[in-house]
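*Asks:* Summarising the annotation, TrEMBL assigns signal peptide to 1-20. For 59-78, 99-117, 137-160, 279-299, 319-336, 356-380, 400-421, 428-452, 472-493, the entry in TrEMBL reads transmembrane segment. Taken from TrEMBL, the feature region 'Disordered' covers 210-255. TrEMBL lists 210-225, 236-247 with the feature compositional bias 'Basic and acidic residues'.
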Amino acid sequence: MGKLAVAAITSLWVIPMSIIVNHIVPEPYMDEIFHVPQAQQYCNGNFRSWDPMITTPPGLYYLSLAHVASLFPGMLLMKNTTQSFPEACSTSVLRSTNAVFAVLCGVLVYEIIRFLGPNLSDRKATFMALVMSLYPLHWFFTFLYYTDVASLTAVLAMYLTCLNRRYMLSALFGTLAVFIRQTNVVWMLFVACSGVIDFTLDSSRQKGKQEVNQELHQSSDREGTTLRSNLRKRKSDISSDTSDRFNHGQTVSSTKDTSGLLYDVYAVISTSWNMKWRILIKFSPFIFVVVAFGIFILWNGGIVLGAKEAHVVSLHFAQIMYFSLVSALFTAPLHFSVNQLRNQFQKLHRNWPLSLLLTVVALVAGFVSVQFFSLAHPYLLADNRHYPFYLWRRIINAHWLMKYMLVPVYVYSWFSILTLLAKARRKIWVLVYFLATCGVLVPTPLIEFRYYTIPFYLFMLHSCVRSSGLATWLLIGTIFVSINVFTMVMFLFRPFKWSHEDGVQRFIW
């Protein structure tokens, strides 16, 4: 019932908004001027044609072909014409590909929420999935022909199937995700590591429970009462610890945080070594895809397909700072509530020597990042149609001190994100998430909020399932809706013109 409700309610805003956008902006806009003609070339059967300005693989175009093929018979019946297949690949029809993926994405979010929070009511899980479907970057690009919505859908499908331990299917979805956007290979590695962590640690716990059962079985009748009592207590402790395999983040102090991380790393490495052949067999599909992608990079001379001079891999460490602040602002009720501020300061005070050291290291890293690894891409400086243009000019560069003044906010935002994640997942999982986020964002020279979508969703799915009530979700949903109304009104009804270029310009993320 829940997934059907999510699909139906999501469709209630996807369909009318798609009609409105296609009516007011019928022609391809911004990056669509590359994607739409390329997809239409594929509709004409010209699979060898390729626009050198396109940076991503053709996965979305092949998915659009399948989508148009599914609609084509119905289009013929409704129009009662002999319209050809290539003519059916209009801008509006191609955009509707993402409308379908937006509905599927909402269902996948619901399924992941139910998996991670099995005790949640169906109504609350449905409401959470609907709120997350309104995430502004995801919601906005649902109505345009970009790769973001299909990319997120493929990554979430890969993650859900890995959680269900269907590793072959997960690797297939991962291949699709990489075929849509090549940076998704990092998220494929993340999903594989997450699967190895769950597989090895669960195997260790199962082994411990079997040892306890064996001791119980072999205990003598004379000493049975005392021994069984103790062993049953051990068994009950193990069961209580593993009753929820994702609730491993409850800690008391920073020292325990560190020791927990070190123990998890040791447990995963040692267990993986003991089970190396089983792990290699189970996760071999992921290994095959990653190796094939490495060969592609060597053959292609880089990760980007086209416009390589504008997308040079760079060390842009400030990018992860921007991600933390943008994500925290989108979910401000989670990060800047009185309770969260109190929890952060209590954690800092509880074991202040280590916490102070970590804070100082994070602050120093932040200052170094904004001073030496903050890039101003030519597209960022020249294109006033994007919101990051105004963020850069009017906030980050408003004064020479501003970029340094923001560093403590960046650091707090990251600490808050990692703390919330650590309440739901093991420390080693949080570390892998952080490294994967860095692996995706640091090499990208251009500040694009669209790149933040997948790490944001993974954060929301894990941190909010347990740690937030209905009121928090209502506030987050209100923030999302307000931003969506503003950005769509600006896009549709506040066009402007450039003196040096013909055509109408519109504000976009």
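Glycine is treated like the rest: Cβ placed from N, Cα and C.
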*Asks:* With an 8 Å cut-off on Cβ pairs and a sequence gap of 6 or more, do the transmembrane segment (400-421) and the transmembrane segment (319-336) reach 3 or more such pairs?
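*Replies:* Output yes: the transmembrane segment (400-421) sits against the transmembrane segment (319-336).
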*Asks:* Decide whether the stretches the transmembrane segment (428-452) and the transmembrane segment (356-380) have at least 3 CB pairs under 8 angstroms, with pairs required to be 6 or more apart in sequence.
*Replies:* yes
*Asks:* What residues elsewhere in the chain lie close to the transmembrane segment (319-336), defined as a C-beta under 8 angstroms and at least 6 residues from its ends?
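*Replies:* Non-local partners: 135-136, 366, 369-370, 406-407, 409-410, 412-414, 416-417, 420, 437-438, 441-442, 444, 447, 449, 451-452, 455-456, 459-460, 463-464, 467-468, 472, 475-476, 479-480, 483.
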